[in-house]
Amino acid sequence: MVYQLNGDDTLSNLLANYAWYELVGSVTLVVAVLFCYWYINTIIKAPHYNVTNKQKTYFFIAVGLFCLVKGTPFDVIADDYLISALVLQLSVMSFVAVPLFILSLPVEYLSVFFWRHKRAKIARMIFAHPWPLAVVFNGLVTLFLIPSIFDIIHANAWLQFLYEVLLITFAFLTWWIIIQPSRDIADHSYFMRVAYVFFTALFLMPIGIFLLVVQDPLYTAYMDVAGELLPALSAVYDQQLAGAVLKVLQLSSYSFALFYLLKMWGLNEWENEGEVDDDKRVVQGIVIQLNDRNKRKKGRKR
């Protein structure tokens, strides 16, 4: 529910119109506490998981960001006053919190988790086809920001909740392909993952550009309250800010991922330089397949 305010009203006056449980986000805090309890007791305290301080930091940063954007008055601002705040909320969860959570999971835990044959079989089947996951994830983001579809989803709290859960789920699957924390269920090459990051970044380019260049207010849920929170931020400027936020967070997270993948790819090729088995040799990062003649020459040299 949106409340009309005079121009002299401050943010505190605006938020005073809401009940405490709307501002605190009690459900979000309960979920965060349960996640922390699970991580501490299942992973950190387990003697057979080698959890590093960096992984612990990643986890608690991810949970902290989740609480910040969903369990504070920022959630009210995102729902009722600024489309840019809503896009920031979803972008932080999809492009920052999700990859940090994946990075916080130790390999030993993942090996145990996917030890059951049925669970591992389902995971391998899902991650064997990475490109549909990227298309669905980026499609969900794009559809959500199409004004006519957004107005339908945003008008129903339960529908928006289910849509956001679906969006975060596919964000998790997409980032799993990029990070690949366990080779037991997904073992894609560095080349494929670099291409995956590159094309995934391109998929969201149209909706981001659309929000940046549009000159008319499009989201009816935010038209009537435009300027109430920030008088200088009109409905059009709010939409353009939303497009900028989406592109900055998306491209920043993918840039970090691309840098990391290229670095690890280079280290991997350097370690394998000159490595020979019965069928191939690695020379300057290029895999050379040996034919029967080369194999005989190699045998005579020995």
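Any Cβ shown, glycine's included, is placed from N, Cα and C.
Curation does not apply to TrEMBL; its annotations are automatic.
Under the heading transmembrane segment, TrEMBL lists 20-38, 58-77, 83-105, 126-146, 158-178, 190-214, 241-262.
Here the transmembrane segment (190-214) touches the transmembrane segment (126-146). Their Cβ atoms form 3 or more pairs under 8 Å, with each pair 6 or more residues apart. Tertiary proximity for the transmembrane segment (58-77) is limited to same-chain residues at least six positions away from its ends with a CB under 8 Å from its CB atoms, namely 15, 18, 22-25, 28-29, 31-32, 35-36, 39, 85, 88-89, 92-93, 96-98, 100-101, 103-104, 229.
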